[in-house]
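Below is one structure, written out as structure tokens; the observations come after it.
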Amino acid sequence: MNFPEDNGCTNTRNARGDSRNGISIKQAYSMGGLKAGAVRALGLAYRVLSRRKAAEEGVARLARVLSALDLTALGVGSTLGVGVYVLAGDVAKNYAGPAVVLSFLLAAVASVFAGLCYAEFGARVPKAGSAYVYSYVCVGEFIAFIIGWNLILEYIIGAASVTKALSEYLDSLLNKAISSRLLKWMPLDSPHLAKYPDIFAFTVIMIFSVSLAFGVKESTKFNNFCTGVNLCVVLFVIISGSFKADTKNWRIPAEEVPKGGGRDFGSGGFAPYGIAGIIRGAAVCFYGFIGFDCVATAGEEARRPQKSIPFAVVASLLVVFLAYCGVSCVLTLVLPYYMQDEKAPFPYVFDQLGWSWAKYAVSVGAVCALCSSLLGSVFPLPRIIYAMSADGLLFRFMGGVSEKFHTPIVGTVVAGLFTGTLAMLFELEQLIHMMSIGTLLAYSMVASCVLLLRYERTQSGRTASETTRMSLRGCVRQVFNVDGLTTPTQLSATTVNALVTLYGVWCFLMMGSISGHGDAILSGAPGPLAAMVVGSVLVITTLYAISRQPVSDKKLAFSVPLVPWLPGLSILINVYLMLNLDYMTWIRFSVWLAAGRYLLIF
């Protein structure tokens, strides 16, 4: 690992250097007692855990064989999974009605905010590891380990769940031929395991893992094919359904909306559930855009990462949005929103139109979507393991790279075995939300790193004045840069660090009040409304204070526009979505973090 004197964020030193040039823990204890020894130990631990990597590209050990098209197809394939065949019908019926189009638009905009932050870091740090490497460069070793540990969990559960979905989908097409035989031959009677070992799911995972281990380019060709078929099927659905479109289904009178039966389908029209329904639908739709970050894990295998990664991230999000927007328009124009089938909207719509044959085309597209999603989940996992092993945060042998194929072969096979075992033995429905919390945390960390690096101290700022008065007036002058400094200094960079930390706290307070008292705020209750207003003022004031700080003059191949407002809004959205996850997800997340902390220490 490389821990330079000035690595792009702040001036940090190796803890081992401190031990040589300063006093040891034993000496501190003998000189000042238990308190002095404890303080010295904590100081050394902090320096070790906050060590940062250099942002320079360095020498790539993996083969640079992926083009911008390959990366775009990887992003589209991992993002536009089977959800495109399910999500639109579910959100239209239960959340937004025909205004599901606006829900997808809001979710796409929120995803673009996160995507642009990934794009800047992909151009700044073209290395394997995605958010893990980004946080290592900017924040430090401890936070980087937490992010990497969560990404491992995210991709493991993602790959296992997609494999289970593929197995169950093919099993349903074969009239339960696979599950019935395995249940008969190898039943599992444990309440914590699946009803039978899913040998098919394990086999599929291992096939994908071995193919990735013995050639990235060949695997991406298969992904390009599956993604192309998936997009063709989506295009077929949009074009064929448009012939039966009727704009009356976007203008259904309130008296024609079904009543009773324990269901409330709103007031009809374009937005039957109102603005609140559109926003709730956008929160659900946001998860349909998760997956584009796998593009960033290929930074060490892209031919021109500074240009191809930003292009692939933005292009994949655009293609995915157009696909979601197109299918949601067709679904709600062909059939009233309250008649949609949440589980399988397209086969139901085609049955209503008398086009039973079209269900087979949808099935082909769903299988290809699952295959490309599986590859998108299996592909980044060994890259995260490789990056962490190379830095010494995981077992070194897991970072082994094949000299012939230039792939992280050991990490790929180990990850495949572990993921396949989970998919074979466990029911993973209860763990699905842990993917979301890990992803949202990574999104927030990347956006925070963009803020920190944009206001970093540069070489030209070394001689700038860093004096300030230790008074309230002096702090206010520094926070709002009243003196109009144009060159970042150590003091201004430290100020931004503190402001970004405070901003995260304000986001949790503000979004916590909105998430817990949303209805009361809409009804005008004074207490919750005042809490939201105070939180909003603190959030806006903090972002304004960050915007007043001097900006780094470092030139980048791609830069996020509207800093700090755009990354700040991305953090705000991610915090809101995290707070809407159930408490059991946070408990499982805490257990996983505790296990990772134990691994890091020992």
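A Cβ is built for glycine as well, from the same backbone N, Cα and C atoms used for every other residue.
Lifted from TrEMBL, the feature list:
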type: DOMAIN; residues: 558-596; note: domain 'Cationic amino acid transporter C-terminal'
type: TRANSMEM; residues: 62-87; note: transmembrane segment
type: TRANSMEM; residues: 99-119; note: transmembrane segment
type: TRANSMEM; residues: 131-152; note: transmembrane segment
type: TRANSMEM; residues: 196-215; note: transmembrane segment
type: TRANSMEM; residues: 222-243; note: transmembrane segment
type: TRANSMEM; residues: 270-290; note: transmembrane segment
type: TRANSMEM; residues: 311-337; note: transmembrane segment
type: TRANSMEM; residues: 357-379; note: transmembrane segment
type: TRANSMEM; residues: 405-426; note: transmembrane segment
type: TRANSMEM; residues: 432-453; note: transmembrane segment
type: TRANSMEM; residues: 527-546; note: transmembrane segment
type: TRANSMEM; residues: 558-577; note: transmembrane segment
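Across the range of the domain 'Cationic amino acid transporter C-terminal' (558-596), the DSSP-based residue counts are 29 helix, 0 strand, 10 coil.
Count of Cβ pairs under 8 Å against the transmembrane segment (405-426): among 62-87, 222-243, 270-290, 558-577, the largest is for 62-87.
Non-local neighbours of the transmembrane segment (432-453) in the same chain are 8-9, 113-114, 117-118, 120-121, 124, 130-131, 134-135, 137-139, 143, 147, 150-151, 153-154, 157-158, 161, 287, 290, 293, 493, 496-497, 500, 504, 546, 552, 560, 563-564, 567-568, 570-571, 574-575, 577-578, 581-582, 585-586, 588-589, 592; each lies 6+ residues outside the stretch with a CB under 8 Å from one of its CB atoms.
Nonlocal intrachain contacts for the transmembrane segment (196-215), taken as residues 6+ away from its ends with a CB within less than 8 angstroms of a stretch CB, comprise 159-160, 163-164, 166-167, 170-171, 178-179, 182-183, 185-188, 222, 374-375, 378-379, 382, 402, 405, 407, 409, 412-413, 415-417, 419-421, 423-425. Of the Cβ pairs linking the transmembrane segment (558-577) with the transmembrane segment (99-119) and spaced 6 or more residues apart, 3 or more are under 8 Å, so the two regions touch.
Counting Cβ pairs closer than 8 Å to the transmembrane segment (270-290), the top stretch among 62-87, 99-119, 222-243 is 99-119. Along the domain 'Cationic amino acid transporter C-terminal' (558-596), the predicted structure has mean pLDDT 85. Touching of the transmembrane segment (99-119) and the transmembrane segment (311-337) is concluded from the presence of at least three CB pairs under 8 A, sequence neighbours closer than 6 excluded.
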